Amino acid sequence: MAPCSTSTPSRLSRFWSSATRAKALPPPSDSSAVRTLSGDALVRRLGLFDLILLGIGASIGAGIFVVTGTVARDAGPGVTISFVLAGASCVLNGLCYAELASRFPAVSGGAYLYTYTAFNELTAFLVFAQLMLDYHIGAASIARSLASYMVTMLELFPFFKDNVPSWVGHGGEEFLGGNLSINMLAPIALAVLTIILSQGVKESSALNSVMTATKVVIVIFVIFAGAFEVDISNWSPFAPNGAKAILTGATVVFFAYVGFDAVANSAEEAKEPQRDLPLGILGSLLVCVLLYIGVCLVLTGMVPYKLLGEEAPLAEAFTSKGMKYVSVLISIGAVAGLTTTLLVGLYVQSRLYLALGRHGLLPDVFAKVHPTRHTPVNAQVWVGVIASVLAGLFNVRILSHILSVGSLTGYSVVSACVVVLRWNEKSANENSSRWISSWQEGVLSLFIVACSGFVAGLCYRVDAPLVFSVAAVIVALLASVALQYRQVYTRAASFSCPGVPIVPAICIFFNIFLFAQLHYEAWVRFIVLSIITVGVYAFYGQYHADPYADETIVYRRAPLEEVQ
């Protein structure tokens, strides 16, 4: 019996040792240096303008033509404030992302890589899993929406009117009581985009730039065309259902901005990552905020908020004003918007798989980079196949209520990473005579902020007495004060997020507040997926992971003529 008693502790100790190891913080690098090409490297081809268009392409989809009207039916013209509040929150999150993107300019990985460095291997793997499920389901859902819009545009021609079967693109042909929903056009669209992404970042960036520019021009045209039809009397009352409806609207439209993290995941392919990544993240967010505000003001000014449609409010508003040609432009903009959102989503997923393949947490087949195209073809094809199966066989919209878990938890962890990496080296061993180390105290304070945000969100959700919400806010403030005055902070070498640790603490509080607003099934999904992820790590990841694997990879910039 003795061997059994010793083997179990040794297994547990090995699991704990592996799970808690962290990746070393990379030294500051000269991103402007021209380096030798490695077979496992991506190529730096993306400039600042490309990165801004990448962020806009990931964020603005058909939602700008739909979500605005849906929320306006409850918040009234105050939906504009909802977008301002959500945009402000995302800008704060963007500041955290911008600092970390400039600190990790060399390799792909985004939130996963930041977590691996600031916390530990298992937490990073959990962040990856939660984000990836969001990306997979989201890509399939967007592909189905894109297929539907494409059929709608085809039906503008008399030959196709009412002649396109449902299994081609409109929804899907249902079988087995709705458990299967066949859609042919969505997988075709995914296959085409996967092929483009596999050809190289230059080709996919060109498509994204053209499509994003198209939809931005259309949105600007819609704003200016609608401005001449605005009746300012429709803006009164501005908040017909009070401030709570506006705040609830902010929790809904927050997800209209999600996508700026795509810029951070392009770190390995940016020409000047330390300079351009922060500017790309914040620049794309600023453009999105301005476009959303403009659309909200025009939409609620053209039509009384009570009369707005639910499926295509913007198109219906222009049709009611006798401007049907604008509705056609809106459909084109929706197709362009969904295409870029899907393209960037598939791009980000492949780069995350690439990062985990390099570190051994997933099979090394995902770490293979094509020797001439310099794209992670295996990871890209895998991502495309998963999305195609989901989009082609299932009605993924029924899973929409379990989405956004990965985004909210990922954003929260990224904000915590900013704080941890500022005092990780200086205060990790300080005050070692206390019962709890300074590092542990800081992490505990961050955890208390997150828990307070969840409690406040629950109280808001169930309309609990205000005193409970106030108590949660006070606890979060006390934890933030502890972070401010009981830790020693250094300044980031490149871009520095202002207001550390207060700004990251606000991000964590609000993100988890939104997490509490999600459907209960989303919470179940979070717990179940976390358990499965720990199991995968225990049986595979801990034995194959190598946090130093990517330190031997050599990178290069784009050829000189492309830089010029």
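Using N, Cα and C of the backbone, Cβ positions are placed for all residues, glycine too.
Note: TrEMBL annotation is automatic and uncurated.
Per TrEMBL, the features are as follows:
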TRANSMEM  46-67  transmembrane segment
TRANSMEM  79-100  transmembrane segment
TRANSMEM  112-129  transmembrane segment
TRANSMEM  242-260  transmembrane segment
TRANSMEM  281-305  transmembrane segment
TRANSMEM  325-348  transmembrane segment
TRANSMEM  377-396  transmembrane segment
TRANSMEM  402-421  transmembrane segment
TRANSMEM  442-460  transmembrane segment
TRANSMEM  466-483  transmembrane segment
DOMAIN    495-544  domain 'Cationic amino acid transporter C-terminal'
TRANSMEM  495-516  transmembrane segment
TRANSMEM  522-540  transmembrane segment
Practice item. Give residue numbers and ranges for long-range contacts of the transmembrane segment (242-260): same chain, 6 or more residues beyond its ends, CB-CB under 8 A. Key: 55, 57-60, 63-64, 67-68, 70-71, 74-76, 78-79, 81-83, 85-87, 89-90, 93-94, 97, 281, 284-285, 288-289, 292, 341, 344, 404, 407, 460, 513-514, 517
Check your understanding: Do the transmembrane segment (325-348) and the transmembrane segment (46-67) share at least 3 Cβ pairs closer than 8 Å, excluding pairs fewer than 6 residues apart in sequence?
Key -> yes
Practice item. Take the transmembrane segment (522-540) and find every residue of the same chain, 6 or more past its ends, with a Cβ under 8 Å from one of its Cβ atoms. Key: 15, 19, 121-122, 125-126, 129-130, 133, 361, 401-405, 409
Study note, to complete from the structure: Sequence-distant contacts of the transmembrane segment (79-100), meaning Cβ under 8 Å and at least 6 residues beyond its ends, amount to 68, 71-72, 114, 239, 246-247, 249-254, 256-258, 260-261, 263-264, 277-278, 281-282, 285-286, 288-289, 292-293, 296-297, 300, 305, 411, 414-415, 417-418, 421, 492, 494-498, 503-504, 506-507, 510-511
Check your understanding: How about the transmembrane segment (112-129) and the transmembrane segment (495-516): do they have 3 or more C-beta pairs under 8 A, pairs 6 or more apart in sequence?
Key -> no
Study note, to complete from the structure: Spatial neighbours of the transmembrane segment (495-516) not adjacent in sequence (6+ beyond its ends, CB under 8 Å) are 89, 92-93, 95-96, 98-99, 101-102, 251, 254, 274, 277-278, 404-405, 408-409, 411-412, 415-416, 418-419, 422, 446, 449-458, 460-461, 476, 479-480, 483-484, 487, 489
